[in-house]
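Taken from Swiss-Prot as is:
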BINDING   Asp31, Asn33, Asp35, Arg37, Glu42  Ca(2+) 1 binding site
BINDING   Asp67, Asp69, Asp71, Met73, Glu78  Ca(2+) 2 binding site
BINDING   Asp142, Asn144, Asp146, Glu153  Ca(2+) 3 binding site
DOMAIN    18-53  domain 'EF-hand 1'
DOMAIN    54-89  domain 'EF-hand 2'
DOMAIN    93-128  domain 'EF-hand 3'
DOMAIN    129-159  domain 'EF-hand 4'
Amino acid sequence: MKNTQRQLSSSFMKFLEEKNRDLEAVFAYMDANRDGRISAEELKKSFKTLGEQMSDEEAEAAVKLSDIDGDGMLDINEFALLIKGNDEFTEEEKKRKIMEAFRMYIADGEDCITPGSLKMMLMKLGESRTTDDCKVMIQAFDLNADGVLSFDEFALMMR
(Lines of atoms letter the chains of each structure in order from A and count residues from 1; the text may use other names and numbers.)
(Lines give C-alpha, C1' and ligand atoms only; values in the text may rest on other atoms or scores of the structure.)
Protein backbone atom coordinates (compact mmCIF):
# COMPACT_ATOMS: atom_id res chain seq x y z
CA MET A 1 0.00 0.00 0.00
CA LYS A 2 2.89 2.37 0.77
CA ASN A 3 4.32 1.61 -2.67
CA THR A 4 0.96 2.50 -4.22
CA GLN A 5 0.89 5.81 -2.36
CA ARG A 6 4.50 6.53 -3.39
CA GLN A 7 3.62 5.70 -6.99
CA LEU A 8 0.60 8.00 -6.86
CA SER A 9 2.62 10.67 -5.16
CA SER A 10 5.41 10.66 -7.69
CA SER A 11 3.00 10.76 -10.63
CA PHE A 12 0.51 13.29 -9.36
CA MET A 13 2.31 15.39 -6.76
CA LYS A 14 4.33 17.03 -9.50
CA PHE A 15 1.01 18.11 -10.98
CA LEU A 16 -0.19 19.69 -7.79
CA GLU A 17 2.66 21.51 -6.11
CA GLU A 18 2.08 24.84 -7.85
CA LYS A 19 -1.40 25.93 -6.76
CA ASN A 20 -4.73 24.66 -5.55
CA ARG A 21 -6.23 25.26 -8.99
CA ASP A 22 -3.90 22.57 -10.32
CA LEU A 23 -5.40 20.15 -7.81
CA GLU A 24 -8.87 21.10 -8.96
CA ALA A 25 -7.90 20.74 -12.64
CA VAL A 26 -6.40 17.29 -12.11
CA PHE A 27 -9.35 16.23 -9.99
CA ALA A 28 -11.82 17.43 -12.64
CA TYR A 29 -9.90 15.58 -15.36
CA MET A 30 -9.85 12.36 -13.35
CA ASP A 31 -13.52 12.65 -12.42
CA ALA A 32 -14.65 11.29 -15.78
CA ASN A 33 -18.36 11.13 -14.96
CA ARG A 34 -18.28 14.57 -13.28
CA ASP A 35 -20.00 13.43 -10.08
CA GLY A 36 -17.52 15.22 -7.82
CA ARG A 37 -15.89 11.97 -6.70
CA ILE A 38 -13.15 9.74 -8.09
CA SER A 39 -13.77 6.00 -8.11
CA ALA A 40 -11.05 3.36 -8.13
CA GLU A 41 -11.84 2.74 -11.81
CA GLU A 42 -11.49 6.44 -12.68
CA LEU A 43 -8.20 6.53 -10.77
CA LYS A 44 -6.92 3.50 -12.66
CA LYS A 45 -7.90 4.93 -16.07
CA SER A 46 -6.34 8.31 -15.29
CA PHE A 47 -3.17 6.62 -14.13
CA LYS A 48 -3.06 4.72 -17.42
CA THR A 49 -3.41 8.02 -19.29
CA LEU A 50 -0.22 9.18 -17.54
CA GLY A 51 1.58 6.09 -18.82
CA GLU A 52 1.46 4.20 -15.54
CA GLN A 53 -0.13 0.82 -14.89
CA MET A 54 -2.27 0.24 -11.82
CA SER A 55 -4.05 -2.99 -10.96
CA ASP A 56 -7.62 -3.08 -9.71
CA GLU A 57 -6.29 -4.02 -6.28
CA GLU A 58 -3.86 -1.08 -6.22
CA ALA A 59 -6.59 1.34 -7.26
CA GLU A 60 -8.92 0.03 -4.55
CA ALA A 61 -6.13 0.23 -1.96
CA ALA A 62 -5.29 3.79 -3.01
CA VAL A 63 -8.91 4.87 -2.62
CA LYS A 64 -9.22 3.15 0.77
CA LEU A 65 -6.04 4.88 1.92
CA SER A 66 -7.71 8.31 1.91
CA ASP A 67 -11.43 7.51 1.92
CA ILE A 68 -12.26 9.30 5.16
CA ASP A 69 -16.05 9.11 4.87
CA GLY A 70 -16.03 5.44 3.82
CA ASP A 71 -18.12 5.85 0.67
CA GLY A 72 -15.59 4.04 -1.52
CA MET A 73 -14.85 7.20 -3.51
CA LEU A 74 -12.51 10.19 -3.20
CA ASP A 75 -13.83 13.72 -2.99
CA ILE A 76 -11.39 16.53 -3.71
CA ASN A 77 -10.19 16.76 -0.09
CA GLU A 78 -9.62 13.01 0.15
CA PHE A 79 -7.84 13.09 -3.21
CA ALA A 80 -5.55 15.83 -1.90
CA LEU A 81 -4.69 13.64 1.11
CA LEU A 82 -3.91 10.70 -1.14
CA ILE A 83 -1.34 12.48 -3.22
CA LYS A 84 0.47 14.23 -0.38
CA GLY A 85 2.85 11.31 0.23
CA ASN A 86 6.60 11.61 0.49
CA ASP A 87 8.26 12.56 -2.77
CA GLU A 88 11.62 10.84 -2.61
CA PHE A 89 13.01 11.90 -5.99
CA THR A 90 15.90 14.33 -6.31
CA GLU A 91 15.44 17.36 -8.57
CA GLU A 92 17.59 15.70 -11.24
CA GLU A 93 15.49 12.52 -11.10
CA LYS A 94 12.30 14.59 -11.30
CA LYS A 95 13.54 16.44 -14.38
CA ARG A 96 14.60 13.17 -16.05
CA LYS A 97 11.21 11.58 -15.36
CA ILE A 98 9.39 14.66 -16.63
CA MET A 99 11.48 14.58 -19.83
CA GLU A 100 10.69 10.88 -20.30
CA ALA A 101 6.98 11.61 -19.92
CA PHE A 102 7.20 14.62 -22.27
CA ARG A 103 8.85 12.51 -24.99
CA MET A 104 5.97 10.04 -24.81
CA TYR A 105 3.53 12.78 -25.81
CA ILE A 106 5.42 14.44 -28.68
CA ALA A 107 5.28 13.27 -32.29
CA ASP A 108 8.45 12.29 -34.15
CA GLY A 109 10.31 15.36 -35.31
CA GLU A 110 8.36 17.68 -33.01
CA ASP A 111 9.63 19.54 -29.97
CA CYS A 112 6.25 20.22 -28.34
CA ILE A 113 3.00 18.50 -27.45
CA THR A 114 0.29 19.31 -29.98
CA PRO A 115 -3.41 18.48 -29.70
CA GLY A 116 -2.82 15.81 -32.35
CA SER A 117 0.15 14.21 -30.59
CA LEU A 118 -1.70 14.28 -27.27
CA LYS A 119 -4.74 12.64 -28.87
CA MET A 120 -2.55 9.96 -30.47
CA MET A 121 -0.82 9.13 -27.18
CA LEU A 122 -4.10 9.00 -25.30
CA MET A 123 -5.48 6.62 -27.95
CA LYS A 124 -2.43 4.37 -27.46
CA LEU A 125 -3.26 4.35 -23.76
CA GLY A 126 -6.88 3.40 -24.42
CA GLU A 127 -8.32 6.87 -23.77
CA SER A 128 -10.58 8.19 -26.48
CA ARG A 129 -10.49 12.01 -26.55
CA THR A 130 -11.46 14.41 -29.31
CA THR A 131 -9.00 16.92 -30.72
CA ASP A 132 -11.09 19.64 -29.07
CA ASP A 133 -10.73 17.85 -25.69
CA CYS A 134 -6.98 17.78 -26.24
CA LYS A 135 -6.95 21.48 -27.10
CA VAL A 136 -8.72 22.25 -23.83
CA MET A 137 -6.30 20.06 -21.87
CA ILE A 138 -3.34 21.86 -23.45
CA GLN A 139 -4.90 25.29 -23.06
CA ALA A 140 -5.03 24.85 -19.28
CA PHE A 141 -1.21 24.92 -19.13
CA ASP A 142 -0.29 26.78 -22.33
CA LEU A 143 1.33 29.85 -20.78
CA ASN A 144 2.17 31.63 -24.04
CA ALA A 145 -1.14 30.71 -25.73
CA ASP A 146 0.52 29.19 -28.81
CA GLY A 147 -1.74 26.12 -28.77
CA VAL A 148 1.00 23.63 -27.85
CA LEU A 149 2.95 22.63 -24.75
CA SER A 150 6.68 23.20 -24.70
CA PHE A 151 8.85 21.17 -22.34
CA ASP A 152 8.96 24.09 -19.89
CA GLU A 153 5.16 24.38 -19.84
CA PHE A 154 4.84 20.61 -19.46
CA ALA A 155 7.40 20.62 -16.64
CA LEU A 156 5.49 23.37 -14.81
CA MET A 157 2.30 21.37 -15.19
CA MET A 158 3.98 18.25 -13.79
CA ARG A 159 5.55 19.94 -10.74
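Placement of Cβ uses the backbone N, Cα and C atoms for every residue, glycine included.
Note that the structure is a prediction, hence the values are computed from the model and not measured.
Same-chain residues with CB within 8 A of the center of the Asp142, Asn144, Asp146, Glu153 CB atoms, the Ca(2+) 3 site residues themselves not counted, are Phe141, Leu143, Ala145, Gly147, Val148, Leu149, Ser150. Apart from Asp31, Asn33, Asp35, Arg37, Glu42, the Ca(2+) 1 site neighbourhood in this chain, defined by C-beta within 8 angstroms of the site C-beta centre, holds Met30, Ala32, Arg34, Gly36, Ile38, Ser39, Met73. Here the domain 'EF-hand 3' (93-128) has long-range neighbours at 10, 14, 45, 48-51, 134-135, 137-138, 147-151, 154-155, 158-159, meaning same-chain residues at least 6 beyond its ends whose C-beta is under 8 angstroms from one of its own. Separation of the C-alpha atoms of Met73 (Ca(2+) 2 binding site) and Arg37 (Ca(2+) 1 binding site): 6 Å, rounded to the nearest whole number.
Neighbour list (Asp69 (Ca(2+) 2 binding site), Cβ cut-off 8 Å, at least 6 residues apart, same chain): Asp75, Glu78.
For the Ca(2+) 2 site, the Cβ centre of Asp67, Asp69, Asp71, Met73, Glu78 serves as reference, and the other residues of the chain with Cβ at most 8 Å from it are Arg37, Val63, Ser66, Ile68, Gly70, Gly72, Leu74, Asp75. There are 18 other Cβ atoms within 10 Å of the Cβ belonging to Asp142 (Ca(2+) 3 binding site).
Ranking the binding-site residues Asp31, Asp35, Arg37, Asp67, Asp71 by the distance of their Cα atoms from the Cα of Asn144 (Ca(2+) 3 binding site) places Asp31 first.
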